[in-house]
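Encoded as structure tokens, the structure appears first; notes follow it.
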Amino acid sequence: MLCNELWVSIVAVILLNASVFGVYSYIAEYLETVTQVSPNTISLTLFVFGGANIIENIAAGRVLTNSPIKSILTFPLLLSVVYTLLFFTGEFAVPMVMITFLWGILAGGIMANINQYLIASSAPEAPDFANGLFISACNVGTTVGAAVGGLFISQLGTQYVVLVGIVSLILSLVTILLRNYMYSPTKQLSKSALAQD
């Protein structure tokens with residue numbers, strides 16, 4: 001049976017992945033219709049995103065190891081800032097490329113490591129099982145994010161797909177705070193002490 005902490009972690013991972021892929025799934029369309037750039041510029045922007053992912057993969061593990069809770073709490077806030085900038089400056093090509101670089105840094109190695117940490121730290125006694133859940137939760141998040149992103153585009157327009165990312169990040173932050181509050185080491189120690197009494 002899955003413990004409550006693991007369920008909360010799964011929801012957080014689904015929301016975090018939805019926040020990235022709800023927007024990224026439509027980035028080419030966004031660049032074409034909102035930023036109105038050429039196909040070559042779209043390719044360059046996607047290349048910048050991928051390059052930023054590679055750069056961040058090198059440092060992501062170190063960042064999370066040094067300060068896991070701080071990294072996990074900071075991630076949704078930073079990505080929300082990037083999405084807000086994207087929403088308000090997405091019509092301009094040069095800012096869009098710079099924002100995409102920042103987005104690629106955050107959405108690459110950092111998010112993947114945070115997702116893995118959330119699941120693995122909730123089920124340390126079953127690492128293989130946790131890894132399977134991590135992959136499944138990421139896939140569900142990608143699917144849900146892309147579906148909701150498509151709905152936003154069809155109802156509101158391409159520019160508003162960024163709101164899928166922002167809303168998912170707000171919900172993920174609430175879920176992460178709930179997880180940290182409910183399952184902090186202090187609370188676990190006090191529960192153990194009460195159980196022994």
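Cβ coordinates are placed from backbone N, Cα and C, and glycine is handled just like the others.
Note that TrEMBL annotation is computational and uncurated.
What TrEMBL records for this protein:
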- 6-197: domain 'Major facilitator superfamily (MFS) profile' (DOMAIN)
- 7-27: transmembrane segment (TRANSMEM)
- 42-60: transmembrane segment (TRANSMEM)
- 72-90: transmembrane segment (TRANSMEM)
- 96-120: transmembrane segment (TRANSMEM)
- 132-153: transmembrane segment (TRANSMEM)
- 159-178: transmembrane segment (TRANSMEM)
Based on Cβ pairs under 8 Å, which of the stretches 7-27, 42-60, 72-90, 132-153 lies most in contact with the transmembrane segment (96-120)?
42-60
Of the listed stretches 42-60, 72-90, 132-153, 159-178, the one with the highest count of C-beta pairs below 8 angstroms to the transmembrane segment (7-27) is 132-153
Report, as numbers and ranges, every residue of the chain located at least six residues beyond the transmembrane segment (42-60) whose Cβ falls under 8 Å of a Cβ in that stretch; write 'none' if there are none.
24, 27-28, 31-32, 96-97, 100-110, 112-113
Could you give the residue numbers and ranges of same-chain residues that sit at least 6 residues beyond the transmembrane segment (159-178) on either side and whose C-beta is under 8 angstroms from one of its C-beta atoms?
8, 11-12, 15-16, 18-20, 22-23, 26, 30, 34, 72-73, 76-77, 79-80, 83-84, 86-87, 90, 118, 145, 148-149, 152-153
